Every structure is written in C-alpha cells, then in structure tokens.
Amino acid sequence: MGFSSELCSPQGHGALQRLQEAELRLLEGMRKWMAQRVKSDREYAGLLHHMALQEGGSQVRNLDHVSQISQSWAEITRQTESLSRLLRQHAEDLNSGPLSKLSILIRERQQLRKSYSEQWQQLQQDLTKIHNLDIEKLKSQYRVLARDSAQAKRKYQEASKDKDRDKAKDKYVRTLWKLYAHHNRYVLGIRAAQLHHQHHHQLLLPGLLQSLQDLHQEMALILKEILQEYIEISSLVQDEVVSIHREIAAAAACINPHTEYEGFLQQYGSPPSAPPCVAFDDSLLEEGEQLEPGELQLNELTIESVQHSLTSVNEELTTAREMVISRQQVVTQLQREIQREEESIHPRERVQLLGKRQVLQEALQDFQMALCSQAKLQAQQDLLQNKLDQLGPGEPPPVLVLQDDQHSTSSTEQDRDGGRTPTLEILKNHISGIFRPRFSLPPPLQLIPDIQKPLQDQVWYHGAIPRTEVQELLVNSGDFLVRESQGKQEYVLSVLWDGQPRHFIIQSSDNLYRLEGDGFPSIPLLIDHLLRSQQPLTKKSGISLNKAVPKDKWALNHEDLVLGERIGRGNFGEVFSGRLRADNTLVAVKSCRETLPPDLKAKFLQEARILKQYSHPNIVRLIGVCTQKQPIYIVMELVQGGDFLTFLRTEGARLRVKLLLQMVGDAAAGMEYLESKHCIHRDLAARNCLVTEKNILKISDFGMSREGADGIYAASGGLRQVPVKWTAPEALNYGRYSSESDVWSFGILLWETFSLGASPYSNLSNQQTRELIEKGGRLPCPDLCPDAVFRLMEQCWAYDPSQRPNFSAIHQELQGIRKRHR
C-alpha cells in the first residue's frame, strides 16, 4: 500500500493536501514550542546565575564560624552556578541544532507542498487537453468533414450536365481527401490519447505520488532525528546534569545535626560563669537594731505577720503545685502527640511538627518556671514553718527595747489615757461624717445646642457605613443621613428621592462646607440650614431634606472604647481586648483594616448586621459597632476562655466526657436557635466557638453567615475561602448551603471535640478529602467518643441532606446522652 496505489483519485489528492496542511501546522507548533523552550531555558539559566551571583557565598562569609550547613550551602550555590551554565549551553545547542533544522524542514516542506500541487495540476491539465479537449475537437471537425463529403457526393450524383458533373466531381474528391486526411489525424489522436491516458494513470501520476511519499517518509525520518536530538539536549537526566545533582545531594547529605555546632562551640565555647549570688548585706545592720543576718525575727511584734505570711505562702504553694502538675500534663500530652505524629508521617514531613515542637519547648520552659516558683515558695515556707516550730506553743519573746521601757509604764499610763479621748472623738466625728446626709449638688452644666455638637455626636451621622446599608435605612422620600465615604476621606449626604437613593459629596474648601452656594463652618450648621430653609440641595436636582434617619442603637463612638492588647487576628484585621468607658464592661474589638476595598468592608459589617437580630446564651453577644471614622470596629462580649479548639488541645488531659457532652450540647442549642431564625452559619468549627471561664460554649465568627427566607443560600465563586474539610458535599459541589450543611459541619465539630482538638483528615489534602467523601469514606470514631455520639456523627454525615437530623433533634439527643452518661 502506498500513495501511488491508494491516492490516485481526486479525493486522494484532496486528502493529501489536507495532510500536508495539517503536518505543516504541526511542525509550526513544534517550532514555536522549541523556541519557547529555548527562551525559557535561557531565562531559567539566567535566573539561576542571578541567584548564584546574589548569594555568592555572602551569607556564608557573614557567619562567624564555618559549619557543615554553611559549607553545604556554599557547595549547593556553586553547583547551581554550574547548572546554570550547563542549561544555557543546552539552550544554545537547542537553538543552533534542532530548532534550526526544524526551520529548514518546514521551509522544504512548504516547497514540497507547492511543487506537488503545481505538478499535479500540470498532469491534470495535460490529461484533460489530450484526452478530452483535443479528441473532442477532432471529433467535431470529423463530423463537419463527413457532412461536407456526403453533401458533395449527393451533388455529384445529382449533376446531369457534363460541366456541372465535372465540377461536382472535383469538389467531391477534395472533400474526400480532407475527410480521409482528418480520419487519419483522428486515428492518430485517439492512439496518442490512449497512450497518454495509460501513461498518466500507470506511470506519471503514480510516479508523482510515489516520489511525494518517499520525500514525506524522508522528512519524517529527519523529524524523528530532530526530536531525538532535542530530547537528548533538553533531557534533565544527562550525565552532566545528574552529576551536578549528585554533588548537590551529597552536599546536603554531609549535614550531621549531631555534630553541626561542634565548630561553633570550639570557637566560642567558654566555661560557665554565673554571676555571684545575692547575699544578705551586713552593712544594713551597722546602725540598726541587734538583728541577725539571714534569720527571721520572731517576737511579740512579728508573730502575727509571720503567721499571716505562712498562711499566704501555703496558699501560693498549693497553687504553684497545681500549676506544676498542670504544666507537666501539658508537656506529657504534647510529647505523646509529637511521638504519635512522628510515627504516622513521612520523615520528610517533619517540618509540619516544628510548630508543635516549639510549643513543647515553651511548655517545658513554663514547666521549669513553675518548678522554680514552687521551689522558691517551698523554701520560704520551710523558713517560716521552722521558725514557728522552734517557738512551739509558748509565748513569743518580748522585744528588748520595750522591756527596758516597762519601768515607765505607770508614769505614761495617764498620758495614754488622756490621749485616748480625743482619738475616740475624732473617730466618732469621722464615722458620723460618713453617714451625714449630703445635700450639696454640683452646679448645673451649660447645655450645648445640637448644631454646635461635633459631627460624631449628631444623630443623623452614621459614620463609614456601606452604601448598600444606606438603601435599607432610607424609607420615605426626603429621608436623609450623612456618612463617611468608604473609598475616599470625604463626607456624603445621602437622600431618598422619588424612590431612589441620591448621594451628594459635601465639598470642603477654606474650612467651609457646602453643596452649592454658601459655605458653613461645620457640617451640622450646613444640614441645619438646609432643613430650616427647605432649600434644594442643588438647583439641578431640586431635592430637599425632610426627616433625618437616626443612627442605629448599636452605634458606638470610638471614644467610648479603651483598647487593650492585641489578642488575635481575623480575616479583616486585628482583634483587641478592651473596656467600655461607661461601665468598664470587658469587650472584644474586631478592627477592619483601612486599606481594604469597600466591598470587603461591607462583608466585615455583615457579621454585625446578623448578630444584631440574635440573643441567645450560646451565641456570642454583639455590643455595638463603631463606624463614625476609620478604622471600623465591631464590639462584642469578651469571652475570656478563648477559642474551643485551643481549649481542647491545652486542657484536653483534664476534660471529662460529661463536660464535653455539655459543651457540644451548648453548641447544638445555639445552632438550634440559628436554625429557627433561618440563619446559615457556613463556617461551624471548633476554632469558631468560644469558651467562657465557666466552660459554657458560645457560637462565634459569623463572617461567612447568610440568611434566607427558605433557609437555603446559593453561593457562587470558587473554593478559595471555603473550609473544605468542614463543608458538606452539596455545598462544595453545587454551592448549596442550608441548615443541613451546617449539620454536616456540626458532625465534624463533634469529632474535633471527642478527639480533643485533632485535625480532621490530617493526612489528606482538600482534594483527597473530597474524593474520600464521594466514595463514602468518613472519619473514624475518636477514642473518648461514646458510641451514641458517634452514631449521631454518622447521621450528620449522611450524603443526602434530607437524611440528616435537624438541630432540634440533635440537641435533644445530646441532652439524653448526657443524662444517661455516668
């Protein structure tokens, strides 16, 4: 089989043309791809070279000593520079070799396509001319001459006169001669056409196709060699590349953690030199009483203070011992967790344990500090107890100075008696003064008119609220408020007119505020003028003000808060502790970064808008919102126990199942309340629950929460911020969130609780977790988990949302389990 036998037809010619076009496009794609590979290899080599130049051993030279790590790193940078040179050479070889040859091949392939097309067209034209056109022309001439001959013959036969007969005979002979001559030409033409047809179909066209096939096959062989050369040059497993990587691997393998710091210790090591310990300063006794250095004084003056000190030290020592036990339990728990995780993970994943190891080191340090505090208190208790034991049941010794003065007691008794009366009188007067009614009142304060109050104190000033919230606040035509623009540092007057909210930027220049026309020294004066005069805001709009929309009852001023230290970080900014100036209420203050775009600031306030509607003992309470200026604050009750996840991980060793059942019951009660309000939390997890000092759990972090009249919310967008391992499959697959999807998350929360803060699917990525769930896989039962609770978890993880229990049923079931649990 070949081109000559299978592709002689016009259809075959069309197929060949399409083949040539497709192969040329393929070759062009190869050329572009190779050119891009050359470019990327050059850039990669340049980047490696730049890295090596930047590093250049500077970090190693800056070290005060030479270590195995620094030597290994120096060797790695040197070999990286060698690799960059080798890759650059490979890029040049690719450019001058395979890429150049491929360009020549494409050029020749284009020429072959053109040449084949021209030759095929020429063959077809010759065949058409000789086999069709020339023969048809001879045939038409043949018919004409045959008619002329037949006509001349009739005229000759019909001629009667001799003269006409001779003339007709001459004409008939001429026509016969022409006919016979043309007949011969036609016979020759037919023969030539037959032979041309035979040669065309048996020799010329098959020969053209065979030569085309031979050239195609030769070019395919050349392309094969080009690709093989490309693969050889670009291969990363060449001996040279492998040798460099072996050198790099050997440099890393030279690091021995056990001997890494021997050189440093030899260079800088020195014998321990502790500063002199503090001792009793005898010079303090040179001008004092006859006291003994370093000894407790127990006499009639100090007996009570010593006894009180012993009681206080005993209490502190008890607390310190409890602290030592607690810290030791934390250390033991962390050591077990690290050992368990070391056994379950690959050695190259040890970096995942560094954070926990640092926590362990901090816990060990805390444990040692607790031991130190215990030792100090124990030593003080021993001193105090020994001194009191030496005294026994007897009376404390008198003070010598007071003994010497006993002889004058009788002479001074009268003076003391005489001095007692005025002292009692003074005391009586003081006590009577406490209960004496006080009728004096502070002077009345001068009242400040509303228009003279600062902008932040105006009832119609709403601060930096989102533009979407403005539309909800303005109800009737003429309703207005003033707010701060979230995108720019300017004030905006928002008014509802003809059913549409209109927004006017308040212009400020030369310390005057205006919309159009006259300026005023303050925005309150401007608004007061517009209200009283009913003057249109602008001539073009014709809008006038009617009724001010007062700020939300939840609105707080920034000055109402006293911020404390930072206690955490959220998605939108820092979280601080704080107090309300009015009553010293402890609060948590969530701040929103000023640099965030307006849409994210609106999302930040979404949590506050949801919490305004809810009041439940197991849901964190909103106290207020500060939007009068940047940065925006959300103020919530401060739950001092911290988040539930940290609580489980740090206090897990002392937690009983009964307490855990009570806490997840709290979570179920809070979620039952939210379910009744058609609120979907969407991010229910241990990290988003808070624990009070009395171990009461509260649902928190409503930043992802949504409300729907039917209890269903459809989300759009990617999974960038979705907690995949806590999210129900229908929410991941279709963006369909509901109370049923919150039930799935509650099942994960139950698992976190009874595994004491372990991470779900810890050894799986997000994608692997989704695949496991789709195949029916679920989390195993934790060690501490009662069977009834695990059955409830499995119900929460039903793939069909309609098969999951609602939160009311979950709450009742957990209450029943807790009552049955001993």
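A Cβ is built for glycine as well, from the same backbone N, Cα and C atoms used for every other residue.
What TrEMBL says about a protein is an automatic prediction, not a curated fact.
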Further ATP ligand in TrEMBL, beside ILE567, GLY568, ARG569, GLY570, ASN571, PHE572, GLY573, GLU574, VAL575, within candidate set LYS553, LYS590: LYS590
For the record in TrEMBL, which of the ranges 65-99, 100-134, 135-169, 415-449 is the coiled coil one? 135-169
Could you name the residues, excluding ILE567, GLY568, ARG569, GLY570, ASN571, PHE572, GLY573, GLU574, VAL575, LYS590, of the same chain that surround the ATP site, i.e. Cβ within 8 Å of the Cβ centre of those residues, in sequence order? SER591
If you count Cβ atoms within 10 Å of the Cβ of ASP683 (active site, proton acceptor), leaving out that atom itself, what do you get? 20
